[in-house]
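Asks: Next up is a structure, given as structure tokens.
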Amino acid sequence: MNWPLALGIWAASYLAGSLPAGYLAGRRLKNIDIREFGSGSTGATNVLRTLGRGPAAAVLLFDVFKGLFAVWLARTLAGGEDAGAWIVLGAGLAAIVGHSWPVWLAFRGGKSVAVSVGLLLGMHWPVALTVAAVWGVCFAVTRIVSFASIVAAAATPLCFYLWRAPLPFTLFGLLGGIYIVWRHRGNIERLLQGTEPKIGDPAAH
């Protein structure tokens, strides 16, 4: 592996992942720190509850694009490397960590679900569609974004395996899935208590 190249790609992926679209939307539209409202997250769900559908859609698309960019960057610069898939794995992990712990916001960001969607699309689009279907079914049944995200994250490594994706991508699904579930630990507590809000509720996600 070309370590200087890999480290540069991973650093760029972290910085891209850490771009705080939700925070900037809050500052631009209402001059608020969105982390002080709702769930305290900078992600699209909290933006939806705090700022409305239009800003939430824009933040969602931007966060998905961050994931796509990280994979594109890794594949473009390291595509010819024998270790290219492993560099993509590192870029993916760096992007989700950047979104959750952005250097620009004192390491307090979102839960990395949307950026992970972009990463899955860039790595293996059939897996992305399968995981999206899992999310969609769970959300349709419960109307709870966090529950759908947790189940989809847990299903991601299995989806990579069933689609016979390269080992580094399956490993990303495992590590990234565990990370996202861990980021939702507060939501899990509320789910167990029966207090986790559904979409449309004023309470925080």
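Our numbering is plain: 1 for the first residue shown, then up by one each step along the chain.
Glycine is no exception: its Cβ is also placed from the backbone N, Cα and C atoms.
These came from Swiss-Prot, pasted as-is:
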- 5-25: transmembrane segment (TRANSMEM)
- 54-74: transmembrane segment (TRANSMEM)
- 87-107: transmembrane segment (TRANSMEM)
- 117-137: transmembrane segment (TRANSMEM)
- 138-158: transmembrane segment (TRANSMEM)
- 162-182: transmembrane segment (TRANSMEM)
Asks: Using a Cβ-Cβ cut-off of under 8 Å, list the residues of the same chain that are 6+ residues beyond the ends of the transmembrane segment (54-74) and lie near it.
Replies: 9, 12-13, 16-17, 19, 21-22, 25, 29, 43-45, 47-48, 84, 87-88, 90-92, 94-96, 99, 110, 114-123
Asks: When each of 5-25, 87-107, 162-182 is checked against the transmembrane segment (117-137) for Cβ pairs under 8 Å, which one has the most?
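Replies: When the Cβ pairs under 8 Å are tallied, 162-182 comes out ahead.
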